[in-house]
Amino acid sequence: MENMDDTSGSSFEDMGEMHQRMKEEEEEEAEGEAGAGEEEDGEFLGMKGLRGQLGRQVADQMWQVGKRQASRAFSLYANIDILRPYFDVEPVQVRARLLESMIPVKMINFPQKIAGELYGPLMLVFTLVAILLHGMKTSDTIIREGTLMGTAIGTCFGYWLGVSSFMYFLAYLCNAQITMVQMLSLLGYGLFGHCITLFVTYNIHFHSLFYIFWLVVGGLSTLRMVAVLVSRTVGHTQRLILCGTLAALHMLFLLYLHFAYHKVVEGILDTLEGPNMPPFQRVARDIPVVSNAILNTTAKAIALTL
Amino acid sequence: MESRKAWEMTGKFPGLADVSISQDIPVEGEITVPVGSHSPDEDFSTLDEPVKDTIMRDLKAVGKKFVHVMYPKKSSALLRDWDLWGPLVLCVSLALMLQGGSADSKDDGGPQFAEVFVIIWFGAVVITLNSKLLGGTISFFQSLCVLGYCVMPLTVAMLVCRLVLLAGAGTVSFIIRLIVVGAMFGWSTLASTAFLADSQPPNRKALVVYPIFLFYFVISWMILTFTPQ
């Protein structure tokens, strides 16, 4: 199913429509046979029962129309088979795409292929939720209104779906050749870099390490997404708008995830207890005390500014 | 008669011309399908039996499934007669035991129960949808049943953790809890994989196992980081 990435516009709503129309034709044949039987019974009533008969038929028809519309809407949007083509992947393909998402492409004059697949992005979003939970628990984040799980799921899914929709809207304005599924897929695979960075830096608590990872890993995955988008857009201003927005949002999201859900309590402890070993530094045993002090002061400064 | 000559003239099937059926012989036989004798009494018997029998039958079915989870073999009994009593009991007991942990004020105890409940059922629904979309042959409720029953080792781990925490909350108890929860997490994942992975096409087993791994990992993490007030 590699030929699915074209923007030839057959969306899943069209597929659902065709499916529904075929089902309706079968239903109408069955109904036609049943309806013929009913009409023969009605004629026996004669003039007296005509008004009641008419009313009943009208009510019947309205019920049928309403039921048909409701079932059409239901089977269009609740039909799981619509999503089946987007989950048609092999494990080898998923692994290849994960690795590719960190490698920026060089050919930006030729539209790059994007696989319209939703399994990988969905699993990456759930993995990010799990990593976020881990980070929130280890840093004792207290959520006043709402729950830990709800916040993590809301943040990750909100980012994936919201930013994808916003970028799709911008792409529509800037005449870029990309569909919604492709945008979802691209952004989803771009979260792989976020997952790696957060997994490493929630366990090894150095701010300089985080900044290095932010620039290198986050930067690589952003460059990849930007390059693919640039290859699909014409015109300098449009390219600048799209890629600038995507790069800014993607990098700022990583920054936000690190600082909002991984509060540095070390600055507060330092002022309360004096120069003891703060708990989050028990992982680092071989770093000399001097660099610890430097890290402490930088972390305190950042915590104060936030 | 002409057809017989045509057959022989083709020369392809020399001997078969004798086997052709003439059109004069009438076809005869009986077209009655033997129906198994269902006496009408059998259909109503479950309504007339005493309540104790009904409850004991259901309890035995649930107990048999628990035993299947403890010793995961590839049997189809868990899948054939699915029921959701076991998952409900396990989910409620796990959520009750996880309540009241790491709570600042007393109104934080409420969301904890709903949180665990929603995570387990929402996670199980997502895994089921995923395995169906990847081409699985298992039905929706069968998959929910298996995933729910395989939460049992983690409930046992939660019990053990609570008992260990009664003794104290130091590094030793953390290591004990880590080992116990890790072992139970592995057991849960293996048990559910033994039942669910068979219904997938063989080259996509890894794609189905990963969300199950993530699901039980999140539950194990909630159990491990539980600290009572």
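All residue numbers here begin at 1 and follow the chain in the order shown.
Just so you know, glycine gets a Cβ as well, placed from its N, Cα and C.
Straight from TrEMBL, the features:
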type	residues	note
DOMAIN	B:71-222	domain 'Yip1'
TRANSMEM	B:82-101	transmembrane segment
TRANSMEM	B:113-134	transmembrane segment
TRANSMEM	B:146-168	transmembrane segment
TRANSMEM	B:174-196	transmembrane segment
TRANSMEM	B:208-227	transmembrane segment
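With Cβ pairs under 8 Å as the measure, the transmembrane segment (B:208-227) is packed most heavily against B:174-196, out of B:82-101, B:113-134, B:174-196. Mean model confidence for the domain 'Yip1' (B:71-222) is a pLDDT of 83. Long-range contacts of the transmembrane segment (B:174-196) within its own chain (CB-CB distance under 8 A, at least 6 residues past either end) are made by residues 69, 72-74, 78-79, 131, 136, 138, 143, 146-147, 150-154, 156-157, 160-161, 164-165, 205, 208-209, 212-213, 216-217, 220, 223-224.
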